[in-house]
């Protein structure tokens, strides 16, 4: 597996302290602290797969149906608070297919089900309404999430303190 679901050997705060030069030059970025924590994995990391959608989760399902191989799906949902892009079924699918985590710039639903999944999930909020099913969106494009631009293939590190994105895998 490329990523790790549980990382007891590092904390994002320590990563920031020990990689100050990477923070200064932008190779390591901290996302704004706007995300709520869901799922059983409080800490997770892995290579990023980006997806840009708006109130439509067809491409989200398409991605989560593939082998995750420890990757993290970063979904730019435009920050929409009008419907959920990930629910309990997709959380279970992500867990079963080996995804390390999901970060949603938008909402999730079925919170109790997602909290039962052995995966890390971050989202802005929960919303009971499901999304549209049109299949519109973009894969593998740079996305603006948490106040930073995130590129497909970068590395994401998340724990209870926050979320970091690095241009390369860090030695921890």
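Even glycines carry a Cβ here, placed using N, Cα and C.
Automated prediction, rather than curation, is the source of TrEMBL annotations.
The substrate binding site annotation in TrEMBL covers 87, 88, 89, 90, 109. Counting only residues at least six positions away in the same chain, the Cβ atoms of 57, 60, 61, 64 sit under 8 Å from the Cβ of residue 90 (substrate binding site).
Marked as Mg(2+) binding site by TrEMBL: 110. For residue 110 (Mg(2+) binding site), the count of additional Cβ atoms within 10 Å of its Cβ stands at 21 [all protein chains shown].
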Tell me the Cβ neighbour count for residue 87 (substrate binding site), meaning other Cβ atoms within 10 Å of its Cβ, over all protein chains shown.
23
What is the separation, in Å, between the Cα atoms of residue 89 (substrate binding site) and residue 110 (Mg(2+) binding site)?
9
Per-residue Cβ crowding (10 Å cut-off), top of binding-site residues 88, 89, 109
109
For a quick check of understanding: given the listed substrate-binding residues 87, 88, 89, 90, 109, what is the maximum Cα-Cα distance in angstrom, as an integer?
10
